[in-house]
Amino acid sequence: LTQPVTPDLLVSPSSQDGDLGSECPEDRGNWTGRLDFLLSCIGYCVGLGNVWRFPYRAYTNGGGAFLVPYFIMLAICGIPIFFMELSLGQFSSLGPLAVWKISPLFKGVGMGTILIVSLVAIYYNMIIAYVLFYLFASLTSDLPWQHCGNWWNTDLCLDHHVIKAGNSSLPVNISNTVSPSEEYWSRYVLHIQGSSGIGDPGRIRWNLCLCLLLSWTIVYLCILKGVKSSGKVVYFTATFPYLILVMLLIRGVTLEGAWKGIQFYLTPQFDHLLSSKVWIEAALQIFYSLGVGFGGLLTFASYNTFHQNIYRDTFIVTLGNAITSILAGFAIFSVLGYMSQELGVPVNQVAKAGPGLAFVVYPQAMTMLPLSPFWSFLFFFMLLTLGLDSQFAFMETIVTAVTDEFPYYLRPKKASFSAVICIALFLMGLILTTEGGMYWLVLLDDYSAGFGLMVVVITTCLVVTRVYGMKRFCRDIHMMLGFKPGPYFRTCWMVLSPATMMALLVYNIVKYQPSEYGNYHFPTWAEALGILMGVLSCLMIPMGMVVAVLQEEGTLWERVQQASRPAMDWGPSLEENRTGTYVTSLSGSQSPKPLMVHMRKYGGITSYENTAIEVDREMEEEDEEESM
């Protein structure tokens, strides 16, 4: 008599001796700590825009009243799309290119995402280079932008210290003057007087070039081992900005005149809510602040275990991001209120957005404080940590997307491949370190992630809900989390989110305004180049469709239908997580019932296996109904 043999069906092909290993695909890498994913998402979403865009948008769009459309748009557009991206990434354990196995016809959406992220990564790291420049400049007893009289200053330079020392009771006319911090930024840091415009970049500013090299070096060292290394760095870069923000907030609100700025920031003007512009601005702030569509969220979620509670994480990150923006507004406007009182001008004359706030207005306010180098260093260190973890996400997105496409060749050489990407993007960013580099940065900022990004997000939403199918997507989430998304998520995914983003897209096109920097208006060829950047990411979608259709067989309509269906190996990456229709679709799969694999592994049926049984039963019932 022969000895009974355990059938191959009960043995996972991932292990010849029957040892089923861990739940994580080791060759791809996973988060090593419980909080790695959550902190990485917080670090990615909470970036420079929370400090230099939200406060300015709030005060120009109705002050405290702006919070009403802000939170409504967060509920309609922000939270649902955020959860959708996390669900896609975690369910498939794939990056933003390979995830389009869900519907290969639309793989061009992933290609468009990578193009957008690459362009953003180029100029975002240049902003980090500016921050490093100011950080080093703060390591002194006397800030270099504190006084006039330096070689870069002009006759228009007016020092507020001189006004104060004069103790004049007469108001000083500052309309035709320039602050020392503004001349330091434009004439010393940028040396923009050496360029006549975007077509005349001038010479490379070697101090900026070295700062850019340093910022790329920092980014590379932090993503060297993928999420295993960046997941540890974010424990510092995602939490430390909050400590500095609280310190700046406490210092700000204790200054004389601080209440004047806070009042200006928060005084509700409810008549603004009748304007469509305010609602559009709120949706734009949510859209860019949460970083949906850039592939970062999807990439981070793809390194999770299959049953990670991303439903809870979605609300923690999105609400935390909103609260951070509001807090940053208090920290910024309390200091601006003090500054306006010191200069004797209204708050709206000192308030600015974007780089103007970070590199001109706030540094000027720092010079008015005792221990100004200390506060300046803290402020720029906060900007550095805020910027870095967003940059980690951009780089991880690019690297993950390409390595998932060519896993056998690139995964073993991920560190070398990351180095190649960093060097290539550094070389492309060298034009930003020239005397006319700021013109190129503005062009990239205005066009790289404009309407192209919205088209990508709208297409993703429509493909998942209509091509792949809402019922199937909800079933996938049920299999993964143990419950189906409620009516709120389903309504937003089907109607509200795509409709809101369509409105945003139309508004952006109708209200299109050419780029400008200060008084400089960009030439027509530069505008055309910018529009081309945005259009190119959209063109990736039809190009991807053509490639997908050509790879299929049959008539044109048959090819389109075949290419729009999920690929054979679409589904959870690990065999024990595959159930129902996903059972036999994994390449090289030997096990028709992963549930048995689970039972061997855990010694019984867990709550997730109960879910798998429910999902299987649902699918069988649906198949019977269809056959009848």
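Every residue gets a Cβ built from N, Cα and C, even glycine.
Now, the feature entries from TrEMBL:
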- GLY43, VAL46, ASN50, SER289, ASN321, LEU386, ASP389, SER390: Na(+) binding site (BINDING)
- CYS148-CYS157: disulfide bond (DISULFID)
- 37-55: transmembrane segment (TRANSMEM)
- 67-88: transmembrane segment (TRANSMEM)
- 109-136: transmembrane segment (TRANSMEM)
- 233-250: transmembrane segment (TRANSMEM)
- 282-303: transmembrane segment (TRANSMEM)
- 315-339: transmembrane segment (TRANSMEM)
- 374-394: transmembrane segment (TRANSMEM)
- 415-441: transmembrane segment (TRANSMEM)
- 447-468: transmembrane segment (TRANSMEM)
- 488-510: transmembrane segment (TRANSMEM)
- 530-550: transmembrane segment (TRANSMEM)
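Of the recorded ranges 37-55, 67-88, 109-136, 488-510, the transmembrane segment (315-339) has the largest number of C-beta contacts under 8 angstroms with 37-55.
Counting every protein chain shown, the number of other Cβ atoms lying within 10 Å of the Cβ of VAL46 (Na(+) binding site) is 28. For GLY43 (Na(+) binding site), the same-chain residues that are 6 or more apart in sequence and have a Cβ closer than 8 Å to its Cβ are VAL234, THR237, ALA238, ASP389, SER390, PHE392, ALA393. Rounded to the nearest whole angstrom, the C-alpha distance between ASN50 (Na(+) binding site) and CYS148 (disulfide bond) is 31.
Ranked by number of Cβ pairs under 8 Å to the transmembrane segment (37-55), the listed stretches 67-88, 374-394, 488-510 are led by 374-394.
CYS148 (disulfide bond) has LEU386 as its nearest neighbour among the binding-site residues VAL46, SER289, ASN321, LEU386, going by CA to CA distance. Across 109-136, 282-303, 374-394, 447-468, stretch 374-394 shows the highest tally of CB pairs under 8 A with the transmembrane segment (233-250). Neighbours of CYS157 (disulfide bond), defined as other CB atoms within 10 A of its CB across all chains, total 19.
Among residues of the same chain six or more beyond the transmembrane segment (67-88), those with a C-beta under 8 A of the stretch's C-beta atoms are 58, 99, 102, 273, 278-279, 281-283, 285-287, 290, 292-293, 297-298, 300-301, 310-311, 313-315, 317-318, 322, 326, 457, 460-461, 464, 473, 476-477, 480, 485, 488-489, 492-493, 496-497, 500-501. Around ASN321 (Na(+) binding site), taking its Cβ as the centre, 25 other Cβ atoms fall within 10 Å, counting all chains.
Each of the recorded positions CYS148, LEU386 was assessed for Cβ neighbours inside 10 Å, and the highest tally belongs to LEU386. The list of residues near the transmembrane segment (488-510) in space but at least 6 beyond its ends in sequence, with Cβ under 8 angstroms from a Cβ of it, reads 73, 76-77, 79-81, 83-84, 276, 280, 283-284, 287, 450-451, 454-455, 457-458, 461-462, 464-465, 470, 473-474. For the transmembrane segment (374-394), the most Cβ-contacting stretch among 282-303, 415-441, 447-468 is 282-303 (pairs under 8 Å). Distant neighbours of the transmembrane segment (415-441): 118, 121-123, 125-127, 129, 190-198, 200-205, 208-209, 212-213, 216, 219-220, 223-225, 395, 398-399, 402-403, 517, 520, 522, 526; these residues of the same chain sit at least 6 beyond its ends, with a Cβ under 8 Å from one of its Cβ atoms. The two recorded residues CYS157 (disulfide bond) and ASN321 (Na(+) binding site) have their Cα atoms spaced 38 Å from each other. Residues near SER289 (Na(+) binding site) in space but far in sequence (CB under 8 A, at least 6 apart, same chain), listed by position: CYS45, GLY47, GLY49, ASN50, ARG53, PHE54, ASN321, SER325.
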